[in-house]
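To keep things clear, I will list the structure first and then write my remarks on it.
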Amino acid sequence: MPAPSSRQPDLLGITWPMFVEQFLMMAIGTLGLWLAGQVSLGAVAVFGLANQLRQIFDRIFRVVGVGTSVVVTQHKGGGDDEGAAAMARAGLAASLWLGLISAALVGLMPAATLKLLQLPVELFELAVPFFILTAIGLALDSLFVTMLSVLRAYTFTRDSMRMTMAMNLLQVVVSIPLVTGWAGLPALGLMGLGWGHLLSRLLAVGLLAMLWLRRLNIRLTPSLFYSRHREALPPILAIGLPSAGEKIAFRIAFLMTVSMAASLGTDALAAHAWVLQAAGWVNIYMVSLSFGSEIVLGHLVGAGRLKQANATLQRALRIALVVTVSGAILSCFVTPFLLHGLNTDLAVISLIVGVLLIDLLLEPGRCLNILMLGGLRAAGDVRFPVKVSVVSNFVFGAGLAWLMGIHFGLGLPGIWIGYTVDEWVRGLCMAARWRAKGWTDSARAARRRIVQRLKPRAN
């Protein structure tokens with residue numbers, strides 16, 4: 001039998017560079033929200049809505065990104081370097097076409113998108129050109145997701161961190177002067193943020209292409225993007241498509257709740273954007289640890305070391321729960337204080353405080369859900385999460401949110417009650433699946449696939 005990789009990545013060594021990445025991304029998002037606030041409250045609402053739309057497509061792009069990352073880690077862990085490179089090439093080709101289709105859907109009909117999201121009509125003039133720039137950036141975002149996922153799967157997380165730092169620096173350098181009109185440049189307001197995002201993603205994709213060549217020895221050529229990749233795509237899609245079902249169900253349900261928040265008015269939509277930003281800060285270490293544990297678990301599954309995989313996930317969950325709950329408590333005090341300093345409307349701050357208290361109950365459930373879901377995905381057990389997520393997202397994430405927020409008139413806090421129940425239901429179901437070892441059959445099947453691929457070379 002082929003020997004698995006002797007080099008197993010260290011969980012915390014993999015995680016800390018991704019934590020820095022997540023920190024920088026959150027800092028840029030917060031800076032963008034603050035800059036939008038310097039333009040107008042309407043700009044905050046439009047910027048927050050565009051970010052949420054981008055996150056929806058990000059979930060779709062991770063159909064390919066997640067599938068590619070998981071199979072690359074499994075092949076690397078099993079000692080199949082050639083197979084890992086083939087999976088990376090196939091994933092990148094698929095991500096390009098997915099990004100172009102997504103860009104066309106939004107960019108060719110931005111007004112229809114805004115109507116679907118129930119943006120107040122008075123904000124359309126501000127939002128339409130910004131959403132066109134956002135659409136162009138979607139093609140780059142799709143490439144970015146897969147290229148970064150593969151670089152991490154090869155355990156080059158420090159390189160991905162340096163690349164992210166350069167990307168974020170450019171976004172700041174471009175955005176601030178264009179928004180405010182520094183150095184004699186025209187003050188573009190919200191559009192300055194759009195140009196900053198677009199140019200920074202262009203730089204990121206260029207840097208990632210260089211890193212793929214230097215670190216992975218994978219050269220990007222035109223033929224890569226129109227080759228059929230018949231052997232490599234099926235295992236990617238076997239992981240990615242069911243994972244997509246879970247992600248798309250979540251984002252559709254979330255989109256429904258964003259429309260609910262938008263129907264409550266500009267104050268509620270702005271408060272929603274600020275609370276999501278605060279929750280993002282609370283989650284940055286947990287999300288980084290989830291990414292790191294998924295990479296490590298993928299390598300361990302590929303090597304057939306399932307007991308070690310179980311112990312690794314349990315350790316990651318304990319760390320994540322402590323950090324996340326502590327962060328949620330801190331956020332309840334720090335966020336209102338900071339918003340007072342930013343001269344945010346008192347009615348908006350009052351609404352935010354109430355929602356933050358609900359978020360304090362939500363975060364442990366989200367932590368359990370994300371860590372356990374990542375573990376199941378790394379093992380290749382992707383169908384069970386889809387079934388649970390589709391039901392929970394629509395029954396609780398959207399249905400209960402509508403019942404509490406709109407029908408019973410609780411407004412934005414009612415919507416967040418729906419979020420909380422949804423996260424806890426999914427988290428407990430994922431934990432029960434892992435504890436019952438329902439993932440081990442998929443993990444053993446992944447190991448057998450790698451061994452079968454390596455046998456002809458051994459002969």
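A Cβ is built for glycine as well, from the same backbone N, Cα and C atoms used for every other residue.
What TrEMBL lists as transmembrane segment is 23-50 (among others).
Residues annotated as transmembrane segment in TrEMBL: 96-114 (among others).
Summarising the annotation, TrEMBL assigns transmembrane segment to 126-151 (among others).
Marked as transmembrane segment by TrEMBL: 163-183 (among others).
For the transmembrane segment (195-213), same-chain residues at least 6 beyond its ends with a Cβ under 8 Å from one of its own Cβ atoms are 32, 88, 133-134, 136-137, 140-141, 143-144, 147-148, 150-151, 156, 159-160, 163-164, 166-168, 170-172, 174-175, 178, 188, 219-220. Annotation source TrEMBL lists transmembrane segment at 195-213 (among others).
According to TrEMBL, the feature transmembrane segment maps to 252-276 (among others). Remote same-chain residues near the transmembrane segment (252-276) are listed as 33, 41-42, 44-45, 47-49, 51-52, 56, 116-120, 123, 335, 339, 344-345, 347-348, 351-352, 355-356, 359, 393-394, 397-398, 401-402, 405-406, 411-412, 415-416, 418-419, 422 (criterion: CB distance under 8 Å, separation of at least six residues from the stretch ends).
Here the transmembrane segment (282-304) has long-range neighbours at 4-5, 8-12, 14-16, 18-19, 21-23, 26, 69-70, 72-78, 152-153, 155, 157, 312-313, 316, 319-320, 323-324, 327-328, 331, 359, 363, 366-367, 370-371, 374-375, 377-380, 443-444, 446-447, 450, meaning same-chain residues at least 6 beyond its ends whose C-beta is under 8 angstroms from one of its own. Marked as transmembrane segment by TrEMBL: 282-304 (among others).
Residues annotated as transmembrane segment in TrEMBL: 316-339 (among others).
Sequence annotations record features per position, and here TrEMBL assigns transmembrane segment to 345-362 (among others).
Panel annotation: around the transmembrane segment (394-417), residues 249-250, 253-254, 256-257, 260-261, 263-264, 268, 271-272, 275, 351, 354-355, 358-359, 362, 425 of the same chain, lying at least six beyond its termini, place a Cβ under 8 Å from a Cβ of the stretch. Positions annotated as transmembrane segment by TrEMBL: 394-417 (among others).
The stretches the transmembrane segment (163-183) and the transmembrane segment (345-362) are not in mutual contact, being linked by fewer than three Cβ pairs under 8 Å (pairs 6 or more apart in sequence).
By the Cβ criterion (under 8 Å, sequence separation of 6 or more), the transmembrane segment (126-151) is not in contact with the transmembrane segment (345-362), since fewer than 3 such pairs are found. Beyond its flanks by at least six residues, the transmembrane segment (23-50) meets 117, 119-120, 122-123, 126-127, 130-131, 134, 164-165, 168, 171-172, 175-176, 179-180, 189-190, 192-193, 197, 258, 262, 266-267, 269-270, 272-274, 276-277, 280-281, 284, 342, 344-345 of its own chain at Cβ-Cβ distances under 8 Å.
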